[in-house]
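> One structure coming up, written as structure tokens, with questions to follow.
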Amino acid sequence: MKAVVFAYHDMGCTGIQSLLDAGYDIAAIFTHPDNPGENHFFGSVARLAAEQGIPVWAPEDVNHPLWIERIREMKPDVLFSFYYRNLLGDEILNLAPKGAFNLHGSLLPKYRGRAPLNWVLVNGESETGVTLHRMVNRADAGDIVAQQTVAIGPDDAALTLHRKLCAAATELLGQALPAILEGKTAERPQDHSQATYVGRRTPEDGRLDWEQPAQTLHNLVRAVSDPWPGAFGYAGANKFIVWKSRVRHDLPAAKPGTVISVAPLIVACQDGALEIVTGQTERGVYMQGAQLAQALGLVSGAVISSKPVVAIKRRTRVLILGVNGFIGNHLTERLLQDDNYEIYGLDIGSDAISRFLESPRFHFVEGDISIHSEWIEYHIKKCDVVLPLVAIATPIEYTRNPLRVFELDFEENLKIIRDCVKYNKRIIFPSTSEVYGMCTDKNFDEDTSNLVVGPINKQRWIYSVSKQLLDRVIWAYGDKYDLKFTLFRPFNWMGPRLDNLNAARIGSSRAITQLILNLVEGSPIKLIEGGKQKRCFTDISDGIEALFRIIENKDGRCDGQIINIGNPENEASIKELAEMLLACFERHPLRDRFPPFAGFREVESSDYYGKGYQDVEHRKPSIRNAKRCLNWEPKVEMEETVEHTLDFFLRTVELVDDKNP
């Protein structure tokens, strides 16, 4: 049986050797290049493949059409994945008639996801194991072919458990692979209701929080001990690593973080104390706890912490161009809630940000980005993070004023990008969901989806291609000149202060604002092409929280990333949005102040937008990058967003009426 294998790490070597022992014909092996930032204590899949005379590749994107075609030409009967770090797309999974199988380091359905070996130790589990399962388009969710349980001893650390799992995998594969070869597997579906999920771990996750129970910290030490990066704490500004520990409950309670003893080195925790058996200073050598205490200058009664004691950090300076806009004013509000940020803003108006003008951390100048280029360059040089939020982003303007869209959205923003390169400043650039155009994917993926636009005579695409070209320019500057950047793509953000009713009166607004104007004025709601187009509507509070986390950029996770920010659960057609809005309007306490509902009216897009318009049937984001980089998921349901948005505009109208009797 011909197999194509995707493998890495010791488990990859174990899987390949087991396949060879079982008599499989391995046509090719796909692996990863070694990361220079990792401790390479494990076996090399590439070396094993070369020694066995098997072709081996390490592509950056194995799901690229070129690699899919090469694998198709190999005509594999079966696929195997052994600790390969990237998900395989459906096109690859469907290439093997006998199916695709993955070896996972836990007892599925528990601990789906990344680093299960470390997580079971962190959580103090008494057993784990390995699972061979069929691969489906959902990670770690396919039917189970075989499982092998591994007991976790009280003295097991990451490396000893890793070795146990490798041994268990050898035993499991020795039985399961011949069964697959003979077509005699007994598979069972997973109980998805029992599934648990764990995410990728980083060195920062090894931080010791002395406010936690001693057993919790001991489990963390076991989970990340050598050859993993280790659990760590700080004595003043000096970092130290703990390699081995034990829990002590035989000592008087003390304030968490207090050094109870230096020989042996014992530190008080919330419940019990942690004895540091072995460890090292950040640039030192492996040593016993008592010697570590000497190296750190610790004495009994001293207090150590989970963070370094350092001088007060300067606030991060954030430059927001277009600060009075929908995203800009909400982002300003969120940044001012955190004392770590100072905001510099430019816009042609200040009505939406007037509530911030008295803040000592908010510095505003009224101006136009096409005129105040010297001010902008000076503040790019002065600030740490730049967000150019100025753009014409309403569909009717794409056909009505295409050249103005190009001049502002592309040409003016290109100047800002080049200044960020010149002064080595981080740019967070607002791309758009429009760049995906007429992509046919079910979910638009930042890294794999094609960007599909219409013909030249459909000028509505000038906004999309202007943004797309800027995305590509920024990416190129990042690649060639190390520009620090993150591209974020909002998917139909809604909420208070989205456009205004005056803009809606001339057709230059987003959909919900136009619909609200129709209700307020008692004019028919116009449904373009019947309102069948589907969008995923995202509450502004969800969107801003994601954007705030991009600015935070913990551990640099957002550097060089493209991140969709949208709510795939809030998918609805424009007609459904209008019906939901109407229902909210009819039950609103201010309903009696407005005219009767004038009904729906279907219109052709060319009549409403002009002949240069072309619509998009659906626009649904994949948010895997947002989950991975930001630990973010949207929370607000669509109806709540619609209610808040409607309420804001109706009360705005009320205020205007009160001032103009």
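Here the Cβ of each residue, glycine as well, is placed from N, Cα and C on the backbone.
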> ASP368, ILE369 bind NAD(+) according to Swiss-Prot; which of ASP347, ASP351, ASP384 goes with them?
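For NAD(+), Swiss-Prot names ASP368, ILE369; of ASP347, ASP351, ASP384, the listed one is ASP347.
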> For the (6R)-10-formyltetrahydrofolate site, Swiss-Prot lists VAL136, ASN137, ARG138, ALA139, ASP140; sort out which one of ARG114, ARG163 goes with them.
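Between ARG114, ARG163, Swiss-Prot records just one in the (6R)-10-formyltetrahydrofolate site with VAL136, ASN137, ARG138, ALA139, ASP140, namely ARG114.
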> ARG138, LYS526, LYS532, ARG535, ARG619: which of these recorded positions has the sparsest Cβ neighbourhood within 10 Å?
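Counting other Cβ atoms within 10 Å of each of the recorded positions ARG138, LYS526, LYS532, ARG535, ARG619 gives the minimum at ARG138.
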> Can you name the recorded positions among HIS104, LYS526, ARG619 whose CA is within 10 A of the CA of ASP140 ((6R)-10-formyltetrahydrofolate binding site)?
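Those near ASP140 ((6R)-10-formyltetrahydrofolate binding site) - Cα within 10 Å - are HIS104, in sequence order.
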> Quick one, of the binding-site residues ASP140, GLU529, which Cβ has the fewest other Cβ within 10 Å?
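Least crowded of the binding-site residues ASP140, GLU529, by Cβ count within 10 Å, is GLU529.
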> Filter the recorded positions HIS104, ARG114, VAL136, ARG138, ALA139, ARG619 down to those whose C-alpha lies within 10 angstroms of the C-alpha of SER433 (UDP-alpha-D-glucuronate binding site); answer none if the list is empty.
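Within 10 Å of SER433 (UDP-alpha-D-glucuronate binding site): ARG619.
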> If we check Cα distances from HIS104 (active site, proton donor), which of the recorded positions ALA139, LYS526, ARG619 wins as closest?
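Closest candidate to HIS104 (active site, proton donor), judged by Cα separation, is ALA139.
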> Let's check the environment of SER433 (UDP-alpha-D-glucuronate binding site): how many other CB atoms sit within 10 Å of its CB?
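That number is 25.
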